[in-house]
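Worksheet: one structure, shown below.
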């Protein structure tokens, strides 16, 4: 921007001027004026809704009439702690953890290359290459994987063509990760989640890595650290806030998803699906609400730790 | 942080990672042209462009598209106002409760979408609000605010306070300073944030399933087709259109924020 001298009219001593003066002098009042609209919106619409949700979780459902009894009770939470429901929670948390860890593994090299080696056009290309899949349609991406993973789909065809069909069959015959086909196995589900969320991991890690001063790395080298030591003791700790920031997204997004497991994956339910079916077909809003308090608590814990590690600045 | 050479292994791993992120989208485009309309058979037995014509004739697709555009436009407009105000307030200030406010801003995207969705639904049902176009916008605007905020706050931080002070010293009042100094500096960041918010709203499905009654946005239409397919190739065509509609604003947003890296006076 060039600082050409835009002719600014001599300020009239009008109402605007006086209002402006008040705002400049009384910073607190000015801040308040700025903050009131967004805080009203988020406070009323968003926090209000969260409290409505919390309130619902203390209601219960009348087993005979199927209507909601609007009296505070812990009955619904008792139901939540039944073994079958605890299983769902544990399974979902494990799944989210696995997805997050694998996403770090895939994202780190991309982010590292983009931050440390890519320059000029290559760097711009890398950035766009990560942004495009991040922002392209969620459903389109899930759908693409349905095409790829289906029994007659592309992955199977490629495996056949490469003569690795037996490898795929071997993997599918394994317990837990396997299944009748990729599109109805945990392997397929984890692949889709990874595909969906990995870009969310790349960008914060890259941002954190870019803030590591080159002089620190040179200093480590000058002091006799080999590249591996430099990486472990200098780069990695400084990149950690970025990793944690990225994990907020990958973890939270997996924790609450209910569409991917509906389309790809085994028949056992994960948390999001239960919330969805309980509030929808079953009409049991209190149980759905109690279920959704779980991710709120988990993310609350996660965000507290993340904030301590300075991950918010890496977002 | 600069290094002249990059290890070959790192190059390969990073390249494979990018390949993983892009190949599936290419398949969708391929499948939009397949002559096979029942299964996901690969490779496609033949190629045709007729599904684009078929999709063009479908009124349900057009209705869903129109609703999505309307919802996204309105949510973006609201998010632009609220997100910019929040960014202006938080960019360079320290006050009691600042941390809480910034947490509140990122909460709608930090918590799973299903929470935002079901929370809004619980609130609507407790307050007896009927589902409508407006309930969808309410949900979308809530999580779009943070996108605008993120873009705007970064630019506000780069905007040198001395520029604002100079403007005031030269006799401009606060509103003139906003119009002549601040707005030109943050304009492209707002445009970029707005475009990203638009893309986010246009694509949102999880929150929408909870806040839409009978209305079908384009993603809801697609979800219906995924779970109960009618004409698969038409879904493929719509998917390609959706890729295009979301990709263009994102590329534009990228170029807008890139050129804003050096806001005048920002380096001081």
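Glycine is treated like the rest: Cβ placed from N, Cα and C.
Between the stretches B:159-180, B:181-202, TrEMBL puts its transmembrane segment entry on B:181-202. The listed stretches are B:12-33, B:71-91, B:103-123, B:129-149; of these, B:71-91 has the most Cβ pairs under 8 Å to the transmembrane segment (B:181-202). Of the candidate ranges B:71-91, B:103-123, B:237-256, B:71-91 contributes the most Cβ pairs within a distance under 8 Å of the transmembrane segment (B:129-149). Listed by sequence, the residues of this chain that lie at least six past the ends of the transmembrane segment (B:12-33) yet keep a Cβ under 8 A from its Cβ atoms are 40, 44, 47-49, 51-52, 233, 236-237, 239-240, 243.
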